[in-house]
Structure formats: C-alpha cells, structure tokens
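Worksheet: one structure, shown below.
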Amino acid sequence: MDPRARYPPGIGNGRGGNPNYYGRGPPPSQHQQHQHQHQQPPHPHHHQYVQRQPQPQQTPHNSQHQQWLRRNQIAAEAAGASEQKAPPVADGIDSSSQDWKAQLKLPPQDTRYRTEDVTATKGNEFEDYFLKRELLMGIYEKGFERPSPIQEESIPIALTGSDILARAKNGTGKTAAFCIPALEKIDQDKNAIQVVILVPTRELALQTSQVCKELGKHLKIQVMVTTGGTSLKDDIVRLYQPVHLLVGTPGRILDLTKKGVCVLKNCSMLVMDEADKLLSPEFQPSIQELIRYLPSNRQILMFSATFPVTVKEFKDKYLPKPYVINLMDELTLKGITQFYAFVEERQKVHCLNTLFSKLQINQSIIFCNSVNRVELLAKKITELGYSCFYIHAKMLQDHRNRVFHDFRNGACRNLVCTDLFTRGIDIQAVNVVINFDFPKSAETYLHRVGRSGRFGHLGLAVNLITYEDRFNLYRIEQELGTEIKPIPPQIDRAIYCQ
C-alpha cells in the first residue's frame with residue numbers, strides 16, 4: 001500500500017472507525033521516491049506529498065484513494081489554522097476497514113447455541129465506541145464478535161468517566177465490560193499506575209490479569225497481578241518497572257501502597273469485581289483505606305451479580321451519582337437446567353458414580369461445604385476410576401495455581417472444590433455443576449451454578465439433597481424465583497450439551 005495513505009478513510013492512525021480522525025503516514029523512503037521520479041509534487045511547499053499520474057480508467061476505489069491523498073494535503077496546509085470540517089466520506093469506510101481485519105489471527109468461531117443472556121443486544125459493534133485500533137485487534141483476536149448486553153451498557157458510560165454500579169448475571173461478559181474501557185483510557189506513554197482492579201480471590205486475579213493482557217496485547221500497556229500468598233519482595237521489584245494496570249486482592253495492594261511502593265496518585269479508575277464479596281467485613285476496611293490514596297476525581301466501577309445492603313451503604317458514601325445498570329430480570333442463567341436428587345448421606349458417593357456414568361460430562365465442578373470433605377471426595381472419585389483434581393483455600397498458593405491452570409487447560413475432567421471457586425471463575429468447557437453438599441444460602445447457590453453455562457451456553461446443575469436440606473431447597477427456589485426439578489431417569493443431552 002502507498003505509505004502516504006497508510007490509514008485509509010475513516011480509520012485513522014490508531015483509531016477504529018472514526019471518520020474525523022486523520023492519521024498521517026511517514027514520508028516515502030528514498031527508494032520509493034526513486035521509483036516515482038516522473039511524478040510532480042502537487043504543491044511547491046509540500047514536497048513530501050506526491051500525487052500519482054492519472055490512470056486511463058479509474059475505479060471508484062482509486063478515486064476514493066486520491067481523494068484521501070488530497071485531503072491529507074489540505075490538512076497539512078491548514079496546520080495552525082482553525083479546524084476544518086471533514087468532507088463527507090463515501091462508501092470507503094467499510095471496504096477499507098477490512099484491510100486491518102483481514103490480517104487478524106482470529107480463533108475458530110464458536111458455533112454453539114447461545115441464550116438471550118448474551119444475545120439480546122441492541123446490535124452495536126465494538127467499533128461503534130471509537131476504541132483504539134490496537135485494542136480492537138485484541139478484542140477480535142480474543143474471539144469477541146459483538147458486545148454482550150452488559151458490555152453494550154457499560155463500555156460507553158465508563159468511557160465518559162462516570163461511576164457505574166452494574167448488576168448482571170454470572171458468565172455474561174462482565175470482565176470485558178470493565179477491562180475494555182480501562183485499557184482504552186490508559187495513556188501508555190505515562191509511566192504510572194492508572195487503573196486498579198480489585199478482586200476477592202487469587203485465582204480470579206490471575207484470570208482477570210490474563211484477560212487484560214490478551215485484550216491489550218497490541219498495546220504497550222504493562223499489566224501486573226499481585227495477591228497475598230506470593231512473594232512481597234518480587235512484587236516490590238516489579239513495581240519499580242513501568243506498570244499501567246494493577247490487578248489484585250485488596251489486602252496486598254493496600255500493603256504495597258502503605259510501603260510507598262505502589263503509588264496511586266495518578267490512578268483515575270478503580271474497578272471492583274464481585275463487589276458484594278469485596279464489601280464483606282473481610283475486605284471492606286482495606287478498600288475504604290485504599291480509596292484514601294486515590295485522587296479525588298477518581299472513577300469507581302462496581303460489578304456483581306448480587307448487591308446486598310452493604311453495597312448500598314458503600315455506594316451512598318463513595319458513589320454519590322453512579323450510573324446504575326441492572327440486567328437481572330431473573331437471577332439464574334437461562335441456559336442452565338437445574339435438578340435435585342433426594343439421597344441419604346451415605347448414598348451420595350454411589351449417586352455421584354451413577355451421574356458420572358449417565359451424564360455426558362465435558363468438564364464438571366463438584367462443590368463440598370468443607371475442606372476435609374473436598375479431599376475425601378476427591379480420593380473416592382479417583383478410587384472409582386475417574387480423573388479428578390481438588391482445590392481449596394488451605395492449599396499452598398503454587399499448588400492452587402497449578403491445579404487451576406491444569407484444569408482450565410483440560411488436563412482433568414472433574415474438579416472438587418469449596419466455595420473458593422464459586423466467584424468469577426470462567427472455564428468455558430464446564431457444562432455440569434454438582435452440589436455434592438447443598439449450599440446454605442441462595443447467594444452461594446447462584447454463584448456455584450453459574451460456573452456452568454458460561455457466556456450463554458447450555459449447562460446442567462445437579463443438587464444432592466438430604467432430609468436436612470429439604471427446607472433450604474424450597475427457600476432458595478423462592479428467593480431466586482427459579483425452578484429446581486426432580487431428576488428424571490434419563491436426562492436429554494440436548495439441554496446441556498452443544
């Protein structure tokens with residue numbers, strides 16, 4: 001392509017689809033000038049802009065191309081003068097915008113069925129938000145095709161600088177809903193922490209930082225993750241290098257801030273993912289102290305599936321006029337079918353064995369209510385001849401990281417865990433969740449079953465209910481306004497397999 005028109009109409013230097021943004025390419029090299037010695041400069045004072053000789057038969061595209069070159073001349077001549085209105089762009093935007101898209105390394109298209117939780121959109125495209133070209137490249141190469149409903153609502157508002165209180169179901173694209181505006185607003189030439197993303201667990205911190213790195217892989221943005229249970233010394237050394245976006249747990253970030261290593265005076269955006277958990281008594285004091293280190297004009301984005309009373313108190317104090325997004329017409333995901341089976345405690349392992357033999361499991365997560373029961377059940381499942389990992393909060397951090405990584409990469413079919421794993425963990429291959437021990441609260445139940453049926457796909461939740469659990473089952477059904485049916489002798493694979 002001619003270097004003088006390196007950025008075709010409508011998608012200027014580093015901007016996606018903005019017809020008012022003009023990018024100017026570098027002047028042609030000496031080799032190129034030698035090639036076109038027969039050409040005359042169009043203006044005596046602007047030798048670097050060289051116009052081609054007219055072709056005998058011009059196609060509309062060539063005409064558009066020349067129009068663009070001439071527009072560059074006009075822009076150069078008008079430097080220092082008042083800004084001129086851009087002439088209307090013809091149908092060149094759509095055709096020329098395919099040039100950079102054609103070079104993208106797109107993943108295989110996901111052709112599985114998706115529910116309305118992610119498809120009921122207004123029809124917007126990511127390019128409608130005038131994002132940086134490099135960020136758009138990362139978005140498409142991550143496999144995102146169009147914004148989900150929560151992304152449509154939050155991305156344009158977050159880009160304006162408003163505070164946001166967003167409530168949406170698990171697995172509907174909340175992470176990208178705050179990562180995309182965060183990456184867009186970061187000035188990569190400014191060596192300072194500009195965005196902090198707070199999450200309640202170490203696994204979620206690793207997952208979120210990975211999403212940020214993948215979306216921003218064409219940007220020169222440095223992402224760092226820091227959590228408790230890892231080397232403080234390594235984090236301190238890392239913070240002396242450039243860091244633009246920091247992801248971590250509140251306690252560790254506060255610790256680094258108090259030591260004067262993590263400087264937040266230029267941090268313009270604070271994101272709280274799983275905000276209801278972050279505002280529990282365990283984390284809230286750390287977060288309130290951390291906010292004191294932020295500038296007064298900072299922007300706060302809060303995302304969660306559930307918002308208890310503690311969130312309201314925090315909102316009233318720190319988010320006086322937030323933009324409220326509520327996409328929770330119902331609490332459970334449309335694609336998840338829920339069943340229960342009445343069993344005695346001593347029959348649970350036998351029942352689990354029957355489920356393994358009858359269900360078409362891609363990957364499953366099995367929840368227990370205590371650390372001891374996790375380890376015992378994992379041992380039993382292995383004895384039955386099924387591959388199984390387990391994870392809980394009392395394991396060493398390195399071991400937890402390895403299990404999480406291996407399970408996500410498909411090294412094992414079944415994972416037994418405590419509620420540590422209920423928040424935000426996004427493993428697309430999981431299509432079955434089994435509550436070996438039924439949870440005590442509706443909130444926990446909601447987060448557990450939300451591990452299957454990610455991003456509008458189909459999933460199955462099976463609950464093993466003892467005599468003592470029967471009242472809890474009824475109460476949770478009422479609170480969530482959902483139906484948990486008795487398990488039939490045969491389950492149609494079409495309801496949870498794509």
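Indices start at 1 and increase along the chain as displayed.
Positions of Cβ are set from backbone N, Cα and C atoms, glycine also.
Computed from a predicted structure; not experimentally measured.
The feature motif 'Q motif', as given by Swiss-Prot for the ranges 95-123, 124-152, sits at 124-152. Which of 201-204, 273-276, 437-440 counts as motif 'DEAD box' depends on Swiss-Prot, and there it is 273-276. Its Cβ taken as reference, Lys174 (ATP binding site) is surrounded by 25 other Cβ atoms within 10 Å in the chains shown. Helix, strand and coil residue tallies for the motif 'Q motif' (124-152), in that order: 17 helix, 1 strand, 11 coil [DSSP]. Within the motif 'DEAD box' (273-276), the DSSP-based counts of helix, strand and coil residues read 2 helix, 1 strand, 1 coil. For Thr172 (ATP binding site), the count of additional Cβ atoms within 10 Å of its Cβ stands at 21 [all protein chains shown]. Around the Cβ of Ala168 (ATP binding site), 23 further Cβ atoms fall within 10 Å across all displayed protein chains. Neighbour counts were taken at the CB atom with a 10 A radius for the binding-site residues Gly171, Gly173; the maximum falls on Gly171.
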